Structure formats: structure tokens, C-alpha cells
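Residues annotated as region 'Disordered' in Swiss-Prot: 1-33. Taken from Swiss-Prot, the feature compositional bias 'Polar residues' covers 1-14. Residues annotated as phosphoserine in Swiss-Prot: Ser14. Sequence annotations record features per position, and here Swiss-Prot assigns domain 'Helicase ATP-binding' to 313-480 based on sequence analysis. Annotated ATP binding site per Swiss-Prot: Asp326, Glu327, Met328, Gly329, Leu330, Gly331, Lys332, Thr333, in sequence order. Feature annotation from Swiss-Prot assigns motif 'DEGH box' to 431-434. Residues annotated as domain 'Helicase C-terminal' in Swiss-Prot, with sequence analysis given as evidence: 649-810.
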Amino acid sequence: MRRSAAPSQLQGNSFKKPKFIPPGRSNPGLNEEITKLNPDIKLFEGVAINNTFLPSQNDLRICSLNLPSEESTREINNRDNCSGKYCFEAPTLATLDPPHTVHSAPKEVAVSKEQEEKSDSLVKYFSVVWCKPSKKKHKKWEGDAVLIVKGKSFILKNLEGKDIGRGIGYKFKELEKIEEGQTLMICGKEIEVMGVISPDDFSSGRCFQLGGGSTAISHSSQVARKCFSNPFKSVCKPSSKENRQNDFQNCKPRHDPYTPNSLVMPRPDKNHQWVFNKNCFPLVDVVIDPYLVYHLRPHQKEGIIFLYECVMGMRMNGRCGAILADEMGLGKTLQCISLIWTLQCQGPYGGKPVIKKTLIVTPGSLVNNWKKEFQKWLGSERIKIFTVDQDHKVEEFIKSIFYSVLIISYEMLLRSLDQIKNIKFDLLICDEGHRLKNSAIKTTTALISLSCEKRIILTGTPIQNDLQEFFALIDFVNPGILGSLSSYRKIYEEPIILSREPSASEEEKELGERRAAELTCLTGLFILRRTQEIINKYLPPKIENVVFCRPGALQIELYRKLLNSQVVRFCLQGLLENSPHLICIGALKKLCNHPCLLFNSIKEKECSSTCDKNEEKSLYKGLLSVFPADYNPLLFTEKESGKLQVLSKLLAVIHELRPTEKVVLVSNYTQTLNILQEVCKRHGYAYTRLDGQTPISQRQQIVDGFNSQHSSFFIFLLSSKAGGVGLNLIGGSHLILYDIDWNPATDIQAMSRVWRDGQKYPVHIYRLLTTGTIEEKIYQRQISKQGLCGAVVDLTKTSEHIQFSVEELKNLFTLHESSDCVTHDLLDCECTGEEVHTGDSLEKFIVSRDCQLGPHHQKSNSLKPLSMSQLKQWKHFSGDHLNLTDPFLERITENVSFIFQNITTQATGT
């Protein structure tokens with residue numbers, strides 16, 4: 001009987017039928033037929049098992065490291081640049097199969113107990129095709145699947161990892177004899193065994209990748225089309241062959257690849273040439289502009305090569321997407337500008353440019369910053385940049401033939417989507433692309449609708465603790481590389497999350513680790529992340545301080561009153577729904593910043609006749625009686641807030657000791673910025689401000705004015721929500737983070753605004769926390785669960801929304817009045833804070849790569865995300881025994897209960 005082709009075997013050439021071979025050529029003899037029909041004799045004894053369904057994990061073609069040759073990269077040495085190829089070999093279709101033995105029911109075979117125990121521990125995996133039961137000779141198979149045989153039971157999974165059949169009751173000899181070509185009836189489905197899957201391929205998940213996650217090149221979109229040739233051309237003109245020969249002779253690199261320190265891109269291999277060079281153009285070296293190379297640092301040169309290989313489809317079988325996840329301050333913008341300028345002028349095939357038009361989508365506050373960077377590195381004549389704002393519409397870009405780069409904000413993109421869809425962009429760059437972590441939002445949907453295959457995501461923010469967010473980013477740059485979302489969850493997310501559970505078995509842990517490793521291998525080829533350690537030697541020292549401030553008397557009294565409210569008590573008993581705990585948390589955070597913020601909220605709720613939030617009104621009940629009778633929030637005092645009191649003294653000390661240095665003052669809330677602005681006015685500090693109300697067209701001008709050496713501003717008031725991402729504020733050398741956010745990435749981004757390339761002064765960072773309050777609890781959650789240093793993805797699953805157990809809420813809604821620092825108490829540190837404490841030894845955790853989902857071969861000595869154990873290695877100072885050498889901190893000790901300090905020096909980077 002001729003075996004019908006499986007769906008997976010017909011992909012790409014479904015109309016081609018297997019060659020027919022007469023049955024007589026390979027018809028088994030009569031003795032073989034009798035042997036196969038005898039149940040007491042081993043089935044298919046002479047047939048070898050074909051194990052070529054998927055390559056094993058040891059196959060060097062999987063995630064192989066193809067470093068560029070010396071010819072193609074003459075300037076870059078000693079770099080770790082992997083170029084992986086996924087070679088999946090389809091099993092050879094047999095032209096004539098041996099007779100099939102259809103098992104419709106288990107057979108009665110005597111089995112010893114020893115054999116049964118042995119069979120229970122035996123697990124086998126098979127690739128199969130399945131269909132509904134049919135008596136037709138040539139069956140129509142409905143899909144591919146994976147058959148898992150363990151002992152006397154089996155599980156049938158489709159290529160999305162979903163169970164489509166289970167069974168038990170077969171004798172172990174029945175299941176032990178399963179071989180290629182055998183037909184079985186399982187759960188109302190008829191299956192045919194196509195081959196054996198190795199345990200490595202199953203545990204890594206590679207056996208599921210033949211389906212939706214195929215990395216094959218789409219020929220309809222990738223293959224170069226031949227240009228139209230006019231059949232009525234003049235016979236007097238030179239032939240196309242002669243023209244092509246002339247073109248070949250004139251094909252030379254734009255820049256000399258043999259000059260010292262030249263940066264030459266890798267040449268495409270033969271497979272790439274076969275797909276993308278149908279016209280047989282000569283290979284030409286692609287050389288980065290020497291002017292740009294002169295200013296590039298080694299890690300930036302590596303990043304340009306990485307991006308070039310990704311968008312050219314050299315790293316992954318024609319896939320043209322990339323994620324550049326370098327930490328803040330490593331020059332992602334310059335790397336992209338170099339790539340755009342290179343691809344717009346050069347190409348590996350005949351020197352023809354690879355791209356014509358580029359779309360850059362960025363947060364509104366960075367639109368003008370991108371334009372400024374283009375002008376800085378390329379001038380205003382070499383490349384024409386068009387930025388979209390209220391005065392400059394997309395229609396102007398469409399009408400003009402001079403502009404080649406369109407820079408637009410995410411908000412303006414949604415408004416102008418219809419016009420942008422009509423433009424053919426060859427390259428799409430999404431700055432701060434971590435906002436695309438949800439594939440269902442309008443922004444992501446709009447960008448996906450653009451017909452542009454070359455896509456780059458830039459993000460300095462770690463992708464936060466959600467594998468589905470990670471999938472959304474991966475699927476955006478390289479659609480379908482991980483299959484559908486449902487298959488991704490079954491094959492990768494669920495096993496990985498299950499392996500992290502405390503109750504996970506050893507088998508589940510091993511499976512989760514293997515799936516995580518395979519996910520790392522798949523995605524590491526187009527994800528590049530470097531930490532800030534690689535530029536530490538170029539930066540001045542950084543002194544980071546976590547300052548715990550004692551709350552004021554009014555704050556303590558109000559805090560107690562809030563914790564004793566009926567709403568908080570019901571929260572702790574789990575009696576209320578609709579997340580009232582979030583209202584309580586918000587009220588406590590306002591109180592930590594300043595009591596006047598809480599006073600304003602109480603007054604607003606009392607005056608609001610349409611307010612339906614009874615819980616919030618109940619929470620504020622009786623709080624007004626705690627305030628003085630004549631309390632006026634506009635006439636607030638600094639002593640009412642412990643943090644504001646410390647801030648006021650700190651600003652005065654900096655202004656006195658370093659009058660030429662500037663301060664960046666950051667808050668998450670506009671109302672808090674209003675208070676800080678009033679403090680600046682009272683003390684006569686010159687300030688500028690950037691928040692959500694600042695027009696986008698003015699933001700870059702404000703930043704440039706602050707960074708200018710001739711600026712008279714002393715303080716830059718910054719909203720972390722509006723301007724905490726991407727801004728370069730190297731004009732300031734002191735950064736004060738007034739409040740804390742649940743998302744550690746928000747704080748990290750804000751703190752990275754000043755310690756960047758170009759900073760001339762030592763950087764001082766101060767994080768102000770109210771001792772014993774909810775702010776300290778949030779800080780503990782940051783460093784113990786998520787860390788202060790990013791990874792591309794945290795494989796421990798936590799909820800995207802703020803959800804707490806009753807025990808966690810009890811911890812949050814507790815005021816520790818007797819402790820100078822609850823965080824220090826949790827460290828079990830033996831120091832008393834009377835002198836500098838640096839721990840027994842500074843532990844450095846060696847990790848195999850800079851990000852959890854990155855190439856295994858990239859070694860790094862970078863520290864892991866800051867944990868409670870690492871915080872123990874910081875310097876500890878008690879407020880009662882402050883022996884500080886820091887000239888700023890030693891003069892603000894009056895209301896400080898504890899200080900953690902860490903110094904990153906230029907020499908050691910620690």
C-alpha cells in the first residue's frame with residue numbers, strides 16, 4: 001500500500017505527487033507476509049527505523065556559530081557574533097510501504113511483572129499523521145502530531161502542543177513494537193507512524209517546530225523579481241548583456257575596505273545569494289562610512305554588524321527582524337543611524353542600495369531628539385529627515401521626493417495610519433519598543449498592518465516577567481517564528497512556568513529547563529543585549545544612595561488612621577472586591593510624599609457629587625480631624641513630610657558645595673512635581689520642567705537648554721511617566737528620585753538619564769524612601785523579586801496586574817515605627833551601622849550571557865539583578881551613627897534613619 005503524503009511533507013510543493021513505482025519491484029515475499037501476520041513474531045523485524053524527522057540537539061546546524069570570515073570583516077576581531085541556521089530535514093517519502101498492521105484492540109499477551117515495571121519507565125516519542133477512520137486505500141491525512149508512549153499509556157499531541165487523544169490499556173509488547181509505517185487506532189483517530197523522535201528533540205520542543213513556526217523563506221515575498229524588459233527596444237542600443245558587463249566593471253565599494261580601521265559588513269553566503277541575487281550581480285563589500293566608524297566604540301560596531309545581518313536575512317533563513325536590547329546609554333540611536341545610512345547607499349549585490357525609505361516610530365518626547373542625532377552625525381545635506389508634528393503632516397512627506405526617513409510618534413502614527421499605509425517603507429524601527437509587548441493594543445496592530453519585513457525594536461527597558469509579552473515582541477519582528485500564541489503557550493510558556501513552581505517534580509523541572517534553553521537558542525539569534533558595564537571605563541564614577549527618611553509627626557498620625565480604617569480591615573479579611581486595596585495603596589503613597597496631597601484628595605471626594613466609590617469615601621472618613629483646623633495645602637511646610645525635609649536640605653548642600661553642577665529631580669506624579677516646583681520657588685532655585693503637559697515640540701528645546709554649559713537652570717523637574725525614557729540629561733550630575741514606582745524599569749530608566757556617555761562630573765543618585773512605610777515594602781519587592789538590573793525576560797511568571805495575597809497585604813499595610821530600616825533588618829546583617837560596612841566579600845555572580853534569553857556562548861561577568869544578598873554588600877550607615885565621607889550626605893543626617901550606598905568606580909566597574 002502506498003503511503004499518502006503527510007501535510008508537513010507537502011508544504012511548499014503540494015501539487016507534486018510521489019513518483020509511482022510498480023508494486024512488483026519491491027513486493028515482499030510470501031514468507032515475509034506470513035511472518036508479519038504472525039502475532040508471536042516481532043513486527044517489521046527487517047525494517048530500519050528512520051530517525052530523521054528532526055535533527056537532534058547535538059546537530060551542529062542548530063544554533064551553529066558562523067563567524068564572519070577575515071575577508072568580510074577585516075576590522076572586527078574577537079567578537080561573538082553567531083549566525084544560526086535551522087536545517088530541518090523532512091523524512092524521505094517511501095514509494096512503497098510494507099503492509100500495515102492495524103491494531104484495533106489490545107491483544108492478550110502474558111507479561112511478567114518485571115517486564116511491566118520496565119515498561120512503565122520506558123518513554124518513546126514518534127512523529128505521526130492522523131485522520132478520521134477510513135477504509136480508503138489512499139487516506140487523506142488531516143494533520144501532523146506527536147505520539148508519546150509511556151508504559152501502557154499514550155498521549156497524542158498536535159503541533160501546537162495540545163492533547164488531541166489519550167489512551168491506556170495496550171499491552172506493553174504492543175506499544176514496544178511500534179515502528180515506522182505502522183497504523184494504529186487511537187481515540188477515534190487513525191494514525192500512521194512517520195518516524196521516531198529523540199528524547200532531546202521532544203524535551204527541547206524542536207519536534208513541534210515543523211508546523212507554524214517554520215523558518216522557511218516566503219518565496220512570494222523574498223525572491224527578487226526580475227525587472228520588466230521592453231520587447232520593442234531599439235536594435236541600435238547595446239544589448240542588456242553588454243550593459244550588465246559594463247555595470248559589473250563599475251561595481252566597486254563606496255568606501256575602501258582595505259584602509260586601516262575600516263568596518264566591512266559580512267558577505268552573504270551561497271544560500272543567501274541563491275535567494276536574493278537572482279540577477280547574478282557581483283558581490284560588493286559593504287563598508288561603513290569612515291566618518292562614522294571613527295566615532296564608533298567597539299560594542300557599537302558589533303551592534304551594527306548584528307543589525308545588518310538580521311535585516312539582510314543572514315542570521316536566520318531570510319528572517320529580517322531584530323531586537324536591540326542594549327541598556328540605556330550604549331548608543332542604540334547611533335547604531336541605527338549608521339545602519340540606515342549604509343543600507344540607503346550600499347548593498348552587497350552590485351552595490352545597489354538595500355532600502356529607500358525608513359520609518360522610525362518613537363515616543364513623542366524623542367522625535368526631535370532623533371532628528372537632532374541625524375543632523376549631528378550626517379548633517380542636513382547628506383540625508384533628508386522629515387519629522388511629523390502638528391505643523392508638518394505626513395502628506396508633505398508623500399509629496400516630496402527628497403525625504404528618505406520619516407520620524408513620527410506613536411500617537412501621530414495612529415492618527416495618520418491611512419496615509420502611512422500608502423507609503424512603501426523598506427525598514428521599520430520602533431524606539432522604546434517595549435510598549436509593543438501587548439499584541440492586542442492599537443499601536444501594535446497598526447504597526448503590524450504595515451507591509452515592511454525589515455523590523456527593528458529598540459529597548460533599553462527589560463521585558464518584564466511575562467513570557468506572553470516576550471512572545472508579542474518576537475512575533476512582531478519575526479512573525480510566526482515561534483508559531484501561534486496557543487502553541488507557544490503549550491510548548492514553551494506552560495512548561496517553563498510549571499518548572500518554576502515549588503511543587504514541580506524533577507521531570508517537570510528538567511522539561512522546563514530544556515524548553516527555556518530551546519527558546520533561548522531560537523530567539524538569541526536576533527536579540528542582542530549588552531549591559532552598561534562595557535562602557536563603565538568611559539564614564540565617571542557613580543555614587544548611588546538609598547536614603548531612608550523618618551516620617552513627620554502628622555504623617556505618622558494619618559498613617560495610623562488610614563490603617564485602622566474599615567476599608568483596610570475588610571481588605572485584610574478579603575471581604576471586598578473591585579480591588580479596593582489599590583485605593584488604599586494610592587492613599588498611602590500620597591501620604592508618604594506629603595500630607596497636603598492626601599488633604600486635597602479628601603476635599604475632592606467630599607465635593608464630588610458623582611463619586612460612586614464608597615470605599616474611597618469610607619477610607620478618608622475621619623481623616624480631616626487629624627489635620628489642623630486652619631490647614632491650608634497651599635501653605636504646606638517641609639517639616640510635614642520627612643522626605644521633603646531631607647530633599648530641601650540636600651538641595652541646599654549641593655547648591656552651596658557645587659554651584660556649577662545641576663540637579664535632576666524626578667517624580668511619578670504631576671501633583672508631587674507641583675510641590676517640588678513650589679519648593680524651588682521658595683528657595684530661589686532656577687528650574688525648568690518637563691511633564692505630560694509639556695508640548696512635544698518644545699521638549700527637546702527644554703532638554704538642550706538644560707544641558708547647555710551656559711544654562712542658568714539649577715534644577716530640572718522631570719515626570720518619569722512623560723520624560724523618563726530616552727532623554728539625555730547629562731547636564732545634570734545629581735539625580736534625586738523623590739518617589740518609587742511598582743515597576744522597577746520606570747525607576748531604572750529615570751536614574752539612567754544622567755549617567756550616560758558625555759557626562760563629565762561624578763554622578764550622585766539619591767532614592768528617597770519613607771522609613772517603615774509602604775515605600776520601603778515596594779523597594780523590597782523590587783530588589784527581591786524583580787531586581788534593579790534588567791534581563792530581556794524574567795522566566796518567573798508574575799501577574800501583569802498588581803495582585804496580592806492576604807499575607808502580602810498585611811505586610812504592605814503595616815507601619816514599622818520602631819525600626820530604622822526594615823530592609824536592613826531583613827538582611828540579617830550583623831553590622832550596627834556605626835561604621836562603613838562592605839560585607840565579607842563582594843560576590844560577583846558569573847552568568848553565561850547578558851540576558852536570560854540570549855546566545856549561550858556570550859560570556860559575561862556582569863552582576864545579576866540586585867538581590868537582597870547583594871544589597872548586603874553595599875555600604876550601610878545608620879542614622880544614629882553616620883560616619884560618612886560623602887560631603888553631601890553628612891550634612892543632611894537630621895531626619896535620615898538609614899543609608900545604603902554603592903560606588904561604581906571608573907577603574908573596577910563595581
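Going from the start of the chain as shown, residues are counted 1 onward.
From the backbone N, Cα and C atoms, a Cβ is placed for every residue, glycine too.
Annotated features taken from Swiss-Prot, shown on the structure.
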residue : record           : CB count, 10 Å
Asp326  : ATP binding site : 23
Glu327  : ATP binding site : 23
Met328  : ATP binding site : 21
Gly329  : ATP binding site : 21
Leu330  : ATP binding site : 23
Gly331  : ATP binding site : 20
Lys332  : ATP binding site : 25
Thr333  : ATP binding site : 23
The motif 'DEGH box' (431-434): DSSP-derived helix, strand, coil residue counts:
2 helix, 0 strand, 2 coil
Residues of the parent chain within Cβ reach of the motif 'DEGH box' (431-434), under 8 Å, 6 or more residues beyond its termini:
323, 332-333, 360-363, 366, 370, 457-461, 463, 473, 476, 725-726, 745
What are the other residues, in sequence order, whose C-beta lies within 8 angstroms of the center of the C-beta atoms of Asp326, Glu327, Met328, Gly329, Leu330, Gly331, Lys332, Thr333 at the ATP site?
Gly460
